Each structure stands twice: as C-alpha cells, then as structure tokens.
Amino acid sequence: MNKEHLLKVDPIPDVTIKRGPLRSFLITKPCDNLSSLRTVTSSKEKLLVGCLLIFTAIVRLHNISLPNSVVFGENEVGTFVSQYVNNIFFTDVHPPLVAMLYATVSSVFGYKGLFNYGNIGTEYTANVPYVAMRFFSATLGIVSVLVLYLTLRVSGVKIAVAAICAVCFAIENSFVTLSRFTLIEGPFVFFMACAVYFFRRSELYLPNSCKANKSLLAASIALGFAVSSKWAGLFTIAWAGIIVLWRVWFMIGDLSRPIGSSIKYMAFQFTCLLAIPAFIYFLIFSVHIKTLNVNGISSSFFPAEFRKTLKYNNVIKETVAEVAVGSAVSLNHVGTAGGYLHSHLHNYPAGSMQQQVTLYPHIDQNNKWIIELAEHPNENVTSFQNLTDGTIIKLRQLKNGCRLHSHDHKPPVSQNADWQKEVSCYGYEGFEGDINDDWIIEIDKKRSEPGPAQEHIRAIETKFRLKHYLTGCYLFSHPEKLPEWGFGQQEVTCAYFAREDLTSWYIEENENEISLPNPEKVSYKKMSFWQKFVAIHKFMFYLNNYMDTSHAYSSEPKTWPLMLRGIDFWNENGREVYFLGNAVLWWSVTAFICTFIIGVAVELLAWKLGVNILRDKHIINFHYQVFQYLLGFAAHYFPYFFVGQKLFLYDYLPAYYFGILAFGHALDLISTYISNKRNNTGYIVVAIFMVVCFYFFSEHSPLIYATGWSSNLCKRSKWLGSWDFYCNSLLLSDSHYELNAES
C-alpha cells in the first residue's frame, strides 16, 4: 500500500441505473470487488490498524490504577460483582451480563467478594482486583476504536479519513473516561459497536450469501450481548429492523430481483435479528438465576414463591390453611413488591398524627395483626369461625394493640389525590376502637385458588380486598415511598378508585390457638424459570419507573447535544475525575446533524422545483450512509425524552457514537471534494481537525487520569461556565506545586 493507495483509492463504486419497461430502476446487487475495497486486505493497512491499536492502548491504559479508590458507578457495579462471587441474589435496573463479566474477571484474579464498596472514595484493599476489572473494560474500549474504523471502512469512508476519525474517537474524553473504570456503559458501547459493524458489513455481499449470513449472525450475537447489558440495546435492534425495511424497499424497486427473494431476505433478517438476541437474553438470565441461589436483601422485594427457591430463605415452610376469627396473621400486598402490612411506633408528622401504617418488605413482629369481629372486639375467642365474604372485621396489631384505621384525612404523601384517604393505626390495649376501624372482607374469586379458597379466607390461596365500612374506600398501596420520617417504606392509603391488584391482599403467616383437629397446612408453590424471569422483569420495571429520579449530576436529554455540564466521578486532594466529552468533536457532531437536516430540507425543496440532485456517486453514498447512521442516532436519543428514570450525560454516548459515524462521512466528503480541486488539501483540513481534538484532549487529560494541574490551567480549561469541575482548591501554577513538594 503506497501513499497513492492510502489517499486516492475510491471505495465508492458507480451507481448502476437501468431502464425498465415502465421506469428506470436502481441495481441493488453489490459490485464484485466491493468487499475488497471496503475491508482491511493489504499488509500496509493492517500495519496502520496495528499502530491505531497501540496508540489507543496508550491513551486508554495510562495510569489505569489511578485513582486507587472507588469512583462514581464503581460502587454500584462492584457491589453486584461481590454478590455474584458469593452467589447472593440481587436485581439491578440493567440486565446482568456486564456484572457477570466483571465477576468472572475478578474471580480469575482470586477475589472472594468480601470488599465493602461503600461510598465513592472508599480506598481499594489489596485483595480487590480493581485494576484487572478496569483493564478488561479498557480493552473493550480499545477494540471499540478498531470497530469504529472498520465500520467507517465498510460504509465507504477512505482509509486515511477513517483512520483520522478513529484517532478522534480514541481521544474522545468521554469514551476514554468511561472505558477506564468498572462501569456498565463501556462494555455496552462495545457490544453495540460490534453489532453495527457486522450488520453494515453484511451489505458488502450478495443477500442471503454465506458471507452475508455470517456477518448477520455475528451482528445478531452482538445485539444479544448488547440487550443483555442494557435495555438500550433494544434501540439498536429497532434501528437494525428499520434498516432492513429500508434495504428491502430498494430491493423491491430493483426490477432485476424477484420479489420472492426480497421477501425471503427480509424474513431471514428479522428471524436472526429477533430470535438470536432473544435466545441470548434468556440464556444470560438463566445463568443469572441459577448462579444467584442465596437469599439476599434484594430478594425481600420478590414474591415468597420466588424466595422459597433461594438458600437460607426465611419464607415459612408451611402455615395453617384455614384462617379464623382470633388468628394472628401477616397480610401481603399482591400488586407491588412492597411487602407486608406494617405499623411501627412512629406517627405521621401531619394529618391525624396517628401511628404510621406502611408496607415493609421484611419479616417483622410489627407485621402481625389479630383478626377480630367488628361487633366483638377484644373478645376471648373459644370456637373456630371461618372468615367468609362480607364478614366485617377489625385488625388489631399484635405488638402495639392499635387497630387499622381510616378517616377523612389526606394521605401523607399522595396529598393531592382526592380519591385516597389516610390509613393509620389508632388505639391501645383494652380500647374497643370505633367504626373507623371496621373493614369488610371481599374475596376476589378470580385471583383465588379454585375451591374452598373462593368461599372463605385461606392462607396464601385466597386473594381478598378490605373495604372500609364507613367510607367505602379500599385498603390500597402503590409504589410511592414515604420520606425520611417514614423510613422510605411504601405508602398505604384507602382508595376509592384503583387497580384491583393494588387493593388485593393475601394472608401469609397464620397462627391460631383454637384450630381444627389435624389442621390442613399450605405452602407456597415453587416458581418455574419462566415465572422467575417474569418476576425479575416486573421488579426491574418497578425500579426503572419508581426509583428516585433526582441526583446532583442527573441531566435532561435536551441538554446532552450541547454538553452543558459533565459528571464528577471522583474528587480527592486536588485531583479529580470528571466525565466530559471532547467538546471539539461533540459540538461538531451536533452542528453537523443540524446542518444535514437543513441541507436535506433544501435539497427536497430544490427537487420539488425540478432541480436534479444526488447525481454524483459520492453525494449519493454520503446521503445513504448518513441517513442510516442518523436513524441510529435518533433511535438511541429520542426515546429518553419519554423515560421517567434518572438519566445522566453518559446515556447519550450510544447516540453520540452513531453521530460520530455520520460525521466521519462528512469529513470524508470534505476531503474528497477539496482534494479533487487542490491535491491533498482536504486531508490536511481533516488532519487539522484531528489536531484540534487532540488539543482539547490533552488540555483536559487531568480530568481523565486524575493527575494534578494548576488552578490557572483548570480555569482556562472551562470552555463553558456551567462545567463545574473544581479549580478553587488547586494551587495557582505548576511552580507552586514544585515549591510545595520541596517544602
């Protein structure tokens, strides 16, 4: 490969348009030498790729052991790694693949899962292989740079421009920072990038050919890994599906192709892109469920049927089936993972100021209630009496003697909901209560087990509602947490209008001094894999929808393209890791996307006026490729406007990756047209852009590598006033650091 080859070989073949009987049509069959033009085949290009990898490795691995303490995000992922090593069950908002990979790496290096990750800044001990885990993440980041280069090549970017774009990506501050730590986002970007590359590579070969199918298979596997790392992988699958439809649209318009082959192509593509990722996703969760077989804190949010399958669980082995007047019972909520009806010796700060009633996910004495007939409170029961549909009861707390109570007060958190009333625990030992303590049992026959459980209350098997006798509202709970004064437990109210499952309850523990001879016992049924799979995903949805959305460094999607603010990952002794993108590349991508959209609108207007557009093969390829990548950008960006969960700037990186691919084609077009007129001037322009990117990277590298820098340099590096990395705690200049060291 000589200089002429590096700069001048054109990977864009001519566009072939033929005349048909009624219309002209585009030939969609790839030319015979397309794959050789757009893949790494020569020894000199392989050498170039090797140099690119070495450069990227230096950038990504430099001082990877620093800081030697926990940074933002590592405390969460590290905790999951420890639980994996000890087989303790947990569930995160993300699928488990990345945590499994980090756990595998840590186990290889002898980690026993005993380190308490605690808070950001906790110093790692010698028995934590944090460098190995960071090295694993960085290695995937290094390969991601190669994958970006290869993706640009298969989509028609010239070797020199693809290499320059890859260098810009290698020194993109946000991707460098993300790949150097034990985080979920780095491996996810790698899997997504691989999926994009192999999917685009399949276009180089004849549809349904062996080589095309191999690339499609690799893309589908990568998609499976991506969606098993973050649900954002679903956006990548959706993008690939849209591109398949885009390709088929052109194929159907190609009169030289039978329509049957186009339909066969579409069916095979969708089968692979959906079935293979789904299989991998289920497989990963199967391993996850089988590996984590020890009861943990997270399992308390799962149904007892689920917890029963875990080692060292505290689920009752069996309980007396028949529930009667005088039974001491615990009531479990059906509709949420909140747990048991609970009351503790703390009052509401407003409203009635009576004792709080909540849902509590752990087994506790404050969960136990005595069932009394409403007309005979405090009665010493001497005979066994079943609880049937319509029975009016009171529930007296076993430990404190107060009764479950509702009245015309606003609930503690849902104060603006007129359809809810406060529920409290009111009274004391010896007090007979009042009519506000009365509740009517309504058995839910549809949800209850067929048979006797539909006729009277049986533990575990009967699902029922409790209707307040005086007001007609139903005992209700929903995924709304009480503030600090309620210990973050789940709110319980009395609701007039609500989903049936949110007003449904069942009895778990059931103790009665007066029981039938040889009382029947019942227990929870064991869950199948599919039932566990569904239960885990219900809880993941719950976490995504109801977890706290506030954070000091959370941000809104509308601010991401402008990068108004970064994220403080770590800060200690005048050194800081601050997540921030390379503003030169970041803002260039944003500007290009806006310019392209405006340009396309102008072109469409010109076309409407009869102007011939898109006649040059380079312009055609530019639009074809950029349109596909900007679809990927949109698919990974706009869904976040409709997501209610806590979001951070790094959630923009998958969309940004697609934006970089599109921008690479803009640089390629610039180099092509300027160089055609002025020799290699276009490449010089692109190289200058790379140098400016490197300047920003170098200037802000202390925020990546946690190295010291002066206050003056730090302040000069704030291109925007909203970038809030710390400068005031630093010494004024390097000379002051030297004097400080000497003293």
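A Cβ is built for glycine as well, from the same backbone N, Cα and C atoms used for every other residue.
Model, not experiment: these values are computed from the prediction.
Record features (Swiss-Prot):
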- 47-67: transmembrane segment (TRANSMEM)
- 68-129: topological domain 'Cytoplasmic' (TOPO_DOM)
- 130-150: transmembrane segment (TRANSMEM)
- 159-179: transmembrane segment (TRANSMEM)
- 181-201: transmembrane segment (TRANSMEM)
- 232-252: transmembrane segment (TRANSMEM)
- 253-264: topological domain 'Cytoplasmic' (TOPO_DOM)
- 265-285: transmembrane segment (TRANSMEM)
- 320-374: domain 'MIR 1' (DOMAIN)
- 384-444: domain 'MIR 2' (DOMAIN)
- 454-510: domain 'MIR 3' (DOMAIN)
- 584-604: transmembrane segment (TRANSMEM)
- 605-623: topological domain 'Cytoplasmic' (TOPO_DOM)
- 624-644: transmembrane segment (TRANSMEM)
- 647-667: transmembrane segment (TRANSMEM)
- 668-683: topological domain 'Cytoplasmic' (TOPO_DOM)
- 684-704: transmembrane segment (TRANSMEM)
> Per DSSP, what is the residue count of the domain 'MIR 1' (320-374) in each of helix, strand and coil?
Replying inline: 3 helix, 29 strand, 23 coil
> Given pairs 6 or more apart, does the transmembrane segment (181-201) have at least three Cβ pairs under 8 Å with the transmembrane segment (684-704)?
Replying inline: no
> What does DSSP give as the helix, strand and coil breakdown of the topological domain 'Cytoplasmic' (253-264)?
Replying inline: 7 helix, 0 strand, 5 coil
> Thinking of Cβ pairs under 8 Å, which stretch from 130-150, 159-179, 232-252 has the most of them with the transmembrane segment (647-667)?
Replying inline: 159-179
>> With Cβ-Cβ distances below 8 Å as the criterion, list the same-chain residues six or more beyond the ends of the topological domain 'Cytoplasmic' (253-264) that contact it, or say none.
In response: 18, 20, 25-29, 207-208
>> Using a Cβ cut-off under 8 Å, which residues of the same chain at least 6 positions beyond either end of the transmembrane segment (232-252) come close to it?
In response: 26, 28, 188, 191-192, 195-196, 199, 203, 207, 219, 223, 226, 259, 261-262, 265-266, 269-270, 273-274, 277, 628, 631-632, 635-636, 639, 651, 654
> In the predicted model, what is the mean pLDDT computed over the topological domain 'Cytoplasmic' (668-683)?
Replying inline: 79
>> Checking distant contacts: for the transmembrane segment (130-150), what same-chain residues at least six beyond its ends satisfy Cβ-Cβ under 8 A?
In response: 39-40, 49, 52-53, 56-57, 60-61, 64-65, 68, 74, 78, 81, 101-102, 105-106, 108-109, 124, 162-163, 165-166, 169-170, 175-176, 178-183, 186-187, 189-190, 193-194, 196-197, 201, 657, 660-661
> Against which stretches of its own chain does the topological domain 'Cytoplasmic' (605-623) lie, if we need a Cβ under 8 Å and a gap of at least six residues from its ends?
Replying inline: 12-15, 156, 665-666, 668-669, 672-673
